[in-house]
Amino acid sequence: MNNNKRPLYIPYAGPALLSTPLLNKGSAFSTTERKYFNLEGLLPEAIESIEEQTGRAYKQYQSFENDMDKHIYLRNIQDTNETLFYRLVQNHISEMMPIIYTPTVGAACENFSNIYRRGRGLFISYENKNRIDDLLNNAANQNVKVIVVTDGERILGLGDQGIGGMGIPIGKLALYTACGGISPAHTLPIVLDVGTNNPQRLADPMYMGWRHPRVTGDEYADFVEDFIQAVQRRWPEALVQFEDFAQKNAMPLLERYKNRICCFNDDIQGTAAVTVGSLLAACKAAGSSLSEQRVTFLGAGSAGCGIAEAIIAQMVSEGISDAQARSQVYMVDRWGLLQEGMPNLLDFQQRLVQKAENTKDWISEEPNFSLVDVMRNAKPTVLIGVSGAPGLFSKEVIQEMHKHCERPIVFPLSNPTSRVEATPNDIIRWTNGQALVATGSPFDPVSHNGQTYPIAQCNNSFIFPGIGLGVLAIKATRVTDEMLMESSRALAECSPLAINGTGALLPPLEEIHSVSKRIAFAVAKKAIEQGHALEITDEALHQKIESYFWKPVYRRYKRTAF
C-alpha cells in the first residue's frame, strides 16, 4: 500500500484537482504536473517541497493566539490539503494533539455550527432513514475501511451536542491517520442526527442539525440497525468504531453488534484498554501486580464499568478468581458505593455491586457509603475518575487514600480539562510527590520540592490507532476482548517508568508510531490465534503492518481520462 515511488493516475485537473483535499499538493505540484493537469496560472510560480509548505503553515499556526483559532486553522488545512495537514501534525504531534483533539475539540463541538466551514464525512438524519444506502454512496471516500460514528448525545463530559458531536469522529479519524498510519482515503466520519434534547442547540438560530427532540426507544434502535445493515452492504469489511453514545445506548449497542460485525466502542473498550495498560505499567513500576490492587472508581457509567470489567479480566488472568477480583473493585456514583439491593441499576452495573458481606464491618455515618467512606474502609491503592464532575477528588479523599497506601495510583480521566476530578498539581502536593498520576487530558509536568513529575496522558490515542492498524492490516473480522487485552499489555511494555524506573508512565507522543505498530502486531496476532483472520508468519505480519502504514508524502501524478 505504501507505494510512494509509483505514480498515481488520476482523472482530475485544474480547479477540481486543487479542490480535492486527498490529492491537492498546492505549491508542490511540479512543472510537468502543472502543465498536464491544467494548473498553470492557478498557482504562484515557486515550486515548493512539503517541508517548505509545512514551515509556512507552522508560522501561520503560531500567529493565532487561542486554541480555538488554531483548531479552525488546522481543520481548514485538513479540508484543503490532507497530506500537508498530516505532515504538519506529525512534525508537531505533542503540540498539536491537544488542538485537533482533547481538550480543544470539546469547545469545537459546542461551537460546531458557528465555526462550520465545509462539510466533512456524512450527516445521516432520521429524516433520511429510508435513504441511508443512497447517502453512503454519496461519501467523498469510497474505499472506506474504518468508520467512526456518533449520535452526539454524550460528547466528552459536555453532554448532548447534537450534530456538533461530528467534531469527535473527525478528530478521532485524524488520530487514526496521524498516530496509526491509516490512510485518510480509507476513513469516514459519520454523525447519526436523531435530534437533540439540548435546549441551547434547539434555540440557536445557527444550529445546523435536525431541530427535533431526540428519537428514542424502538425507533432509535431500528434506525441504528438500518444504518449498520447499510454499512455492511456498502463496506462489509469496514471497522466501525462507536463513539460518544449515551450510557443508555452505548453498552446495548456494543452487545448487539460486537459478535455480528467488526466493531468496538472506544469510550468503553478503548478507554478500558489504555487504562489497564497504564495500570499494568504503574504496577510494574511499583513492584506489584494488578491482582494485588484494590481499585475504586468514581463514575459507574458505561466507561467506568467497561474499565472495571477489563481490570477484573486482567486480574483473573494473573491467577485469582473472578469473585475475588470483583471484591477488590469498588464502584462509586452520585448515590455512593454500588451495593447489593440498590434500586435502578443497569445490567452492566449489577455485575459490579459489592456484596453485603464485604462491607458489613465498614464504619460510616450514612447508609450509602461515600467516596471518603470507601477510602477509609476499603483502603484502595488505585483511584480512577470517570465521573465528568470536576474537583471530586478532594484533598480529604486523596490524603485519606495516602494514609493507607505509600504510592497511590490516581487517574483522574474525565475530559475535557475543565471536567477533571483533580489536577495533577494538587494530587502531587497532597501526597508529597508519592502518587503515580495519569490524566485523560494533557497537563504540564508538575514541580514539587525540587523535583519534576511528568504527567502521563492516559488517552485512548495510545490504543485505538494501533487496534485499527492491526485489524485492517490483516482484515480481521472481529474485535474481541482478548485482542483488546493484548493491546493493553503491549502498551505497558512501552512504559519508560516501567522499563527504566524513571520518566513518564506512558511513552512520549513522539514515539506513537512505534507504539501503534507494537500494539497492531499484538492485536493482529491474537486475532489470528482466535481464527478471526488468516494465519500468517510473524515476519509476514510485521511486513503487512509496515506496508499498510501510510506516510504523508506527495506522490507523482500522471493523468488519465475519466
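Just so it is clear, glycine is given a Cβ too, placed from its N, Cα and C backbone atoms.
The divalent metal cation site recorded in Swiss-Prot comprises E243, D244 together with one of D204, D218, D267, namely D267. If you check the recorded positions R154, K172, E243, D267, N415 against Y101 (active site, proton donor), the ones with a Cα inside 10 Å of its Cα are K172.
Y101 (active site, proton donor) falls outside any helix or strand according to DSSP and counts as coil. Around Y101 (active site, proton donor), a 10 Å sphere centred on its CB holds 28 further CB atoms from the protein chains shown.
Across the structure, E243 (divalent metal cation binding site) and R154 (NAD(+) binding site) are spaced 9 Å apart at their Cα atoms. Close to K172 (active site, proton acceptor) in the fold, though at least 6 residues off in sequence, lie Y101, V148, P189, Q241, E243, D266, F464, each with a CB less than 8 Å from its CB. Here the Cα atom of N415 (NAD(+) binding site) is found 12 Å from that of D244 (divalent metal cation binding site).
Sequence-distant contacts of R154 (NAD(+) binding site), defined as residues of its own chain at least six apart whose C-beta falls under 8 angstroms from its C-beta, comprise D160, D244, F245, A246, Q247, A250, D267. Spread of the NAD(+) binding residues is 12 Å (greatest Cα-Cα distance among R154, D267, N415).
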